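Notes follow the structure.
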Amino acid sequence: MNFPWDQLLVKGNWMIISAQIAAPFLVIGLIAVISYFKLWKYLYKEWFTSVDHKKIGIMYLISAVLMFVRGGIDALMLRTQLTIPDNKFLEANHYNEVFTTHGVIMIIFMAMPFIFGLWNVVIPLQLGARDVAFPVMNNVSFWLFFAGMILFNLSFIVGGSPAAGWTNYAPLAGEFSPGPGVNYYLIAIQISGIGSLMTGINFFVTILRCKTPTMKFMQMPMFSVTTFITTLIVILAFPVFTVALALMTADRIFGTQFFTVANGGMPMLWANFFWVWGHPEVYIVILPAFGMYSEIIPTFARKRLFGHQSMIWATAGIAFLSFLVWVHHFFTMGNGALINSFFSISTMLIGVPTGVKLFNWLLTLYKGRITFESPMLFSLAFIPNFLLGGVTGVMLAMASADYQYHNTYFLVAHFHYTLVTGVVFACLAGLIFWYPKMMGYKLNETLNKWCFWFFMIGFNVCFLPQFILGLDGMPRRLYTYMPSDGWWLLNFISTIGAVLMAIGFLFLVASIVYSHIKAPREATGDNWDGLGRTLEWSTASAIPPKYNFAITPDWNDYDTFVDMKEHGRHYLDNHNYKDIHMPNNTPVGFWMGIFMTIGGFFLIFESIVPALICLAGIFITMIWRSFQIDHGYHIPASEVAETEARLREARIKEREAVSHES
């Protein structure tokens, strides 16, 4: 076996060396803590091998928050480098690595698992379902994502990170990027992408087949509707990217020439493949975010969502148009006027259904009895900030004007105004909103609001000046500039904004830690002062029972739960319990994830034999699973009755305590 040992150690500045020294101690420390508290068996049996959608969702969310920290550190490094002219904080290639990993981590390893985590926690509960359609696949999906995440983050200290940008354009990502860096990009995203595709298929079938029988599609909660439409985008878009990654992997490792002009390949083929996936990917993360806003705004406005059916059709329209706009990412790359005109118009058209959504949210707020809890603050801040991102998007959609905006900081500001306000605000709002459903207690609202104000103000301080920098000609991906360029002051202000955002995130961390220690535990399930409007609020808090619902709930309207509460039927209990069938835990996903991680690592360093051995291990695991006779197990009706009796008693005590305090 010829393994390139000389490529393992990354020789760089003090930050890389510090990370290389710290990483082994962090791993050893984590192992020591788990061993000291004797948690290995508990973690393996209750979490790593779990097929409970709620626990898998929490594991996704923990991973996403960790990646938010990693991506945020990258962002602070970028802003520190650009704070003053001719800064020596980062050298050119290290800067390229950092902005590449920042983009990949924030979109693929932060935003997507955040969305998938909330899908797992909320969607089956909103649908009145026991679990997802394919629980074992759900476990496998998570571990494939986790394997890709581990591999990509390993690149910083072992072998070197990719430095060709998050778009990884050929030929820069080919012959001009020697070493394992781009291989990390290709293999890690490929493994994670397979898991994402499996998740899309799983939730597509779950929403079709597992929702409560009386729930019709046009009456589903908006988060479930946007999830269903998003799964269609995942199923259609991810295979394209899977093929593109496989072709570039073949180019780099096996010497094919799909993206090399000299031998009949076509570099622009990669750009088309990437953006046929890449622009729908934006809507893969933003449509579920729209669904979250459509749950949070009616809750704290105490009103029905205005225009529910028009919201569904607008979501479908956005999803359809998302596949017809990819060329707007390279208007300047030599297309003819006819092609640019078509994609310019199709891009502008997306503003129509998006505008419908914005007006529906505003009309939901109109004459509502609004309370300003932190999820609502994020939702309200989203509307004007996202509008600015959308308007600048229409400016960029004009092909002739794009020749001036393209690859400047105007574009950087635009996509951060859409993705941060559209997705990150929603993820933070959704995490706070559904946190009591997962953990049984609310996060501290004072700290949450400090998080909001620092994060929202910091965001605008950071990115609003970048519109001006772009109009003044500052190119994106520029690692330094001269004093004579005149960009110092705005870059300095932008960096201050990034620091404010980091402080805001620290307030959220403080809220999580403080609330874990101090917050009162809640049992009612309808945690936001009884304002919940969908079925997940009818179940117990703190990871609801494995079976979710003791009886199958009825659902006749998208505000059925509000009507149920008005008539005193909000806890879905007729005492007519039956045995409930549930799936068994499985080790398949965990071990496939280990094989994927090890095999992917060897393939990154082009060591084929060990990679093939790990591939064989994956197939053996799948074959072993196929021969297992696993019919699941049943929770006896008597156990269901005991559980429900305990929950009723806890709810009574909680209501009495609230009445006594008032």
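A Cβ is built for glycine as well, from the same backbone N, Cα and C atoms used for every other residue.
Features of the protein shown, as given by Swiss-Prot:
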type     : residues                       : note
BINDING  : His102, His416                 : Fe(II)-heme a binding site
BINDING  : His279, Tyr283, His328, His329 : Cu cation binding site
BINDING  : His414                         : heme a3 binding site
TRANSMEM : 56-76                          : transmembrane segment
TRANSMEM : 103-123                        : transmembrane segment
TRANSMEM : 140-160                        : transmembrane segment
TRANSMEM : 187-207                        : transmembrane segment
TRANSMEM : 228-248                        : transmembrane segment
TRANSMEM : 273-293                        : transmembrane segment
TRANSMEM : 311-331                        : transmembrane segment
TRANSMEM : 336-356                        : transmembrane segment
TRANSMEM : 376-396                        : transmembrane segment
TRANSMEM : 415-435                        : transmembrane segment
TRANSMEM : 587-604                        : transmembrane segment
TRANSMEM : 608-627                        : transmembrane segment
Within the same chain, where does the transmembrane segment (587-604) have neighbours whose Cβ lies under 8 angstroms from its own Cβ atoms, ignoring anything closer than 6 residues to its ends? I mean 6 or more beyond. 3, 44, 48-49, 136, 139-144, 146-148, 150-151, 154, 159, 180, 183-184, 187-188, 191, 249, 253, 610-615, 617-618, 621-622, 624-625
What residue among the binding-site residues His328, His414, His416 has the most other CB atoms lying within 10 A of its CB? His414
Excluding His279, Tyr283, His328, His329 themselves, which residues in that chain have a Cβ inside 8 Å of the centre of the Cβ atoms defining the Cu cation site? Trp275, Gly278, Pro280, Val282, Ser322, Val325, Trp326, Thr347
Do the transmembrane segment (415-435) and the transmembrane segment (103-123) come close, with at least three CB pairs under 8 A (pairs 6 or more apart in sequence)? yes
Around the C-beta of His102 (Fe(II)-heme a binding site), how many further C-beta atoms are within 10 angstroms, looking at every protein chain? 20
Under a criterion of Cβ-Cβ distance under 8 Å and sequence separation of at least 6, what residues of the same chain contact His329 (Cu cation binding site)? Ala271, Trp275, Gly278, His279
Same-chain residue ranges lying at least 6 outside the transmembrane segment (608-627) that approach it to Cβ under 8 Å: 1, 136, 586, 588, 591-592, 595-596, 598-600, 602
Residue pair His102 (Fe(II)-heme a binding site), Tyr283 (Cu cation binding site) - Cα distance, angstrom, rounded: 19
To the nearest whole angstrom, what is the C-alpha distance linking His414 (heme a3 binding site) and Tyr283 (Cu cation binding site)? 15
Ten-angstrom check, please: count other Cβ atoms within 10 Å of the Cβ of His279 (Cu cation binding site), all chains counted. 22
Which range out of 56-76, 187-207, 228-248 gives the transmembrane segment (140-160) the most CB pairs under 8 Å? 187-207
Counting across all protein chains present, how many other Cβ atoms fall within 10 Å of the Cβ of Tyr283 (Cu cation binding site)? 25
Give me the CA-CA distance between Tyr283 (Cu cation binding site) and His416 (Fe(II)-heme a binding site), in Å, as a whole number. 14
Secondary-structure category, per DSSP, in which Tyr283 (Cu cation binding site) falls: helix
